[in-house]
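Written below as C-alpha cells is the structure these notes are about.
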C-alpha cells in the first residue's frame, strides 16, 4: 500500500483474514508488505512543553486512561484537550462528576472526551445485560438504579462528549468512538471482525482527528507481559486505507504510551496511567496547522 499520501477514491474495508489474531497479522504484514517498517513507520519524540506554538497552528493536549487519578497531573498549555476514555474506574456517577469538576478547572478552549471500557454506565447494552445477570462482578455498578445512569453522559457539562459522532471545532473535524476488541467483558467490548468493523464504518471520510479508546494494530499496541499485539486490524485498515486522519489519538493499552507515524497519520497512545495504574505518563502535546478558512 502507499504511504505518506491520502488514498484516492472510494475504499471499502472488509474483515481481514487475520482479524482474530493481531500478533499473527502484524507478523504477516510486516514480512510480506513491510507495513510497519522504517522509513515511513517510526517513533516520534514528544514535543517539549516549552516549545513555542507555531503561528497559524492549534495545540492539542492528549490524555487518556486517567482512571480517577487526575489530582497530580501537570497539564501543559494548549488550545484543545482530547481525552480518549477510561477517565473513571467503573463509570459511577460520582466518578463522572469528579472528572467533570476537574475538567471545569482546566483552561482549554475546548475539551473533547470519549468513553473507554471502564465507563460501564455509558454502555447501555452492557448495563442492560448486567441488570439481568444473577451475579455481582461489578457490585457498586449493579446496585445503581436505572435513573442513576440512564443519561450519565449529561454529567459531562464541561466537555464535548463524542460516541460514534463528530464535532467541528476551530475548523478541525474530530470523530470519537469508544469501542475496543473484547477483553474480559468490559464496557464497549465487541468481538474482533465484523462487529468492530461495523462501528469503524461509521467513521466518515474527511476526518482530521480520530479519537478511539484502543489502538490500531501495530501502533503502540504491544503488551510485553503477554508478548502479544492487541490492536484492531480493521481499525488499522480503516485509518490507513479509508479515513486517513492527520491525527489518531487513543489509549487503552497502558504499556503502549508514546507516539508513532506512518508518514501521513500521527498515532498517539496518550495513556496517563502506567500498567500499574500510576498516573505518571505526562500529557502529550501536538500542533496541527489550522484548516484554511477557519
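Backbone N, Cα and C atoms are what each Cβ position is placed from, and that goes for glycine too.
Given the structure is predicted, the values throughout are model-derived calculations rather than measurements.
Matching 45, 86, 221, 287 to the Mn(2+) 1 binding residues that Swiss-Prot gives (65, 67, 254) identifies 86. For the Mn(2+) 2 site that Swiss-Prot gives as 86, 213, the extra residue drawn from 117, 184, 237 is 117. Straight-line distance linking the Cα atoms of residue 255 (GMP binding site) and residue 213 (Mn(2+) 2 binding site), rounded to a whole number, equals 14 Å.
Between the farthest pair of Cα atoms in the GMP binding residues (117, 118, 225, 226, 252, 253, 254, 255), the distance is 21 Å.
If you take the CA of residue 67 (Mn(2+) 1 binding site) and look 10 A around it, you hit none of the binding-site residues from 117, 213, 252, 253. Listed in sequence order, the residues 64, 66, 116, 118, 251, 252, 271, 272, 273, 277 complete the 8 Å Cβ shell around the Mn(2+) 1 site centroid, once 65, 67, 86, 254 themselves are left out. Excluding 86, 117, 213, which define the Mn(2+) 2 site, the same chain contributes 65, 84, 85, 115, 116, 118, 119, 178, 180, 186, 187, 188, 214, 251, 252 within 8 Å (Cβ to the Cβ centroid), listed in sequence order.
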